[in-house]
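Asks: Here it is, the structure, as structure tokens.
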């Protein structure tokens, strides 16, 4: 079984809050990204967290260490519980994200392999495995690995041990909860819930399938 | 000679606008990033552009294609002239950024190598050169290459031809305008201008040294 994480990629504040409220009882966390935050402002994170659902800032932080620190500090000050960052800007940039997360009592997740077709171009050939080891070495709380490629998730699970794996790609990108629910700690579903005619019913159904 | 681009990494709207106004006459563009936008809101981009200075959104966009399109569309709708994205998420993600930029009459720049110490971990060994070819293949308007490593800038100039190169790392990170001004189209200076006791005087001096 796995937790269910809603990728809330609505672009307006009102729509996002309405979906968050109607689905909150069925989900374990809400992941927000820049498409929402650029429209609604970062304060939307606190408004969602006030519903009692932990908020994960999927900002794929990928800058120099000083900038990463500033971004992550903003994330946690806004009420988020976790941040997602990239590994390829290097171990110093990654350490800045983990440091900010832990300074604020939050978690940091590292993208080890992306779920879309282009994600196979540069994260393949051992790169995802290296990122996984970087994540462990930096003291990150977990990694992001693609439900669209369960064999890759299994390979990364071997490396990451008991740290958490959150897995996107379920729903619109084609994967099913059953593909990875025994391998991962959290399954991330976006459009298949927030874009459903009845988001609450879709969340309830995905929640059942994650158990 | 090279253009001078101010990396305006102040974190408050009022401070950012004050520095933008005082330095505008000496600089050719202002680069903003998430540390400012998460605090001030994306509308600050339009406020800076209203001073008559083109605004570059250095968001290091690095997500799946759909999310990249949403982020870049927001950038250009807010009044920016260019966006900076990563190549690492793959050619489909990169194409989404270039497509959004050109749909809005804007420019897209691709990070080929970062300027900080960790930037050498994953952008080395031919990776930066591959990113450079990806940028050209995607029809990007230019690349980002580190003034802290002028020999690398020269190598990437050979590959990128007449497309633009913008180069960070001058000032606080240790490089000088003279290191790269004959190689690049734009030199990016941040803390050495916006953190100076007299930002306008610092901008005037860097502008002179870029000529």
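Using N, Cα and C of the backbone, Cβ positions are placed for all residues, glycine too.
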Asks: The substrate site in TrEMBL includes B:9, B:115, B:190, B:191. Which of B:31, B:181 is also listed there?
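Replies: Of B:31, B:181, B:31 joins B:9, B:115, B:190, B:191 in the substrate site that TrEMBL records.
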Asks: Compare the Cα of residue B:191 (substrate binding site) against each of the active-site residues B:58, B:60, B:63 and report the nearest.
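Replies: Nearest listed residue in space: B:58.
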Asks: What residue among the recorded positions B:31, B:60, B:191 has the most other CB atoms lying within 10 A of its CB?
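Replies: Going through B:31, B:60, B:191 one by one, the largest Cβ count within 10 Å is at B:31.
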Asks: Could you check the recorded positions B:31, B:60, B:191 and tell me which sit with their Cβ under 8 Å of a chain A Cβ?
Replies: B:60
Asks: Please list, in sequence order, every residue of the chain apart from B:9, B:31, B:115, B:190, B:191 whose Cβ lies within 8 Å of the Cβ centroid of the substrate site.
Replies: B:7, B:33, B:168, B:171, B:172, B:188, B:189, B:194
Asks: Let me check the 10 A CB neighbour count of residue B:58 (active site, for OMPdecase activity). How many other CB atoms are there?
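Replies: Taking all protein chains shown, residue B:58 (active site, for OMPdecase activity) has 29 Cβ neighbours within 10 Å.
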